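Enquirer: What follows is a structure written as structure tokens; I'll ask about it next.
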Amino acid sequence: MSKTTSIFSLFLLSILALTQLSVHSAPEHAPSLEITNETLVWKVMMKLGKVNVNVLDKKKESSKIKGEQLVTQGSTTSFKGNRTAMTSNKLTCIACHTIQKEHPNANNITPQDRLEYGDSMNIPFLPGAPFYGLVNRVAFFTNDYQEIFAHKNRSALQVGHRDIRKAIQACNTLYAKGRTLAPWEIESILAYLWTLELKIGDLNIPAAVVHTVESAINTNKNNARAVNLMRRYYKEVYAASLVLPLPIEERNLISPVLNDFGSGKKIYKLSCLHCHGDKRYANFKLDESQKTFKLLKKHFDAPTRYSIYDAIRYSPGSKGNKTNPPHYTAERMSNQQLQDLRFYIAQKAKLGSQADSYYENF
């Protein structure tokens, strides 16, 4: 064999060896994310290139356990071991906000659907947007809510519109009439809220859409389209439309045909008694006695603090706008439900305990 032939043969063998080496050393392509029901929504969105605006600040002290205590009890122990003052002498977060999933489908905020599910799961029917999935939102106060504080405090809501930490602070100081929260308290509350973030299983998202999103992540193509698809299945902004109390002439339009006694009963139990039962979060006590129902009925059409219409809805007045909770927006309680509540109270005032058995199978 000539020298030239030998060199050429060695060259070919080298090429073949390198080819084999590259084939065996190259890893098989693996998906960068396999989406399941337990996959966190923010994980998917970040893989698609969306910036997480509510991320925890690792440079600050925080504790999700302390955060949970602040949310549910209004107080905790500091990192120095001292007991903190109550966040508010009037309200804790759970007076107005639920910490449970309000409906199996995170995109369903229909008041009646939430009421029915809440009744089956013993979840309160409250005026504030739910804390479950709060960290998946990118805005925290709508213009309607900002109208409540159309004076010097309005700026606190405006700066909290796109800043979750400032939103937490504003909610506690303005709505709950509470104290200013320390940075570590806000960070701890945020740490707790991150335990309530949405999962893919909460979104009721079709398998075909999941496949499209997975494909976008794994190929790094059509990411913007995938982000917009995801947004269809949960609320990045929780709508809040303030509603004025019904005109007096419309309030009397109730009847067994138009109104649901059972629905009103659920609202009274899950909403009214949540705050007013045994004065839990309010100075005015409510119970299920006929005497109490008669008192409420007496004030249906009177512009007083005992009127369910003025108590539940946003009512601007000559001395300034009503800033105390609750403010049940159209999204949190419909006018139909408010009329159902009136019908329930009216029947309980008239028939007492017999009303329940009378309307049981109505």
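Cβ coordinates are placed from backbone N, Cα and C, and glycine is handled just like the others.
Unlike curated entries, TrEMBL annotations are predicted automatically.
Quick paste from TrEMBL:
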| type | residues | note |
| --- | --- | --- |
| DOMAIN | 62-197 | domain 'Cytochrome c' |
| DOMAIN | 259-349 | domain 'Cytochrome c' |
| SIGNAL | 1-25 | signal peptide |
Enquirer: For the domain 'Cytochrome c' (259-349), report the average pLDDT of the model, please.
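Expert: In the predicted model, the domain 'Cytochrome c' (259-349) has a mean pLDDT of 89.
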Enquirer: May I have the DSSP-based helix, strand and coil counts for the residues of the domain 'Cytochrome c' (259-349)?
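Expert: Helix/strand/coil tally for the domain 'Cytochrome c' (259-349): 45 helix, 6 strand, 40 coil.
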Enquirer: Can you tell me how the residues of the domain 'Cytochrome c' (62-197) break down into helix, strand and coil by DSSP?
Expert: 65 helix, 2 strand, 69 coil
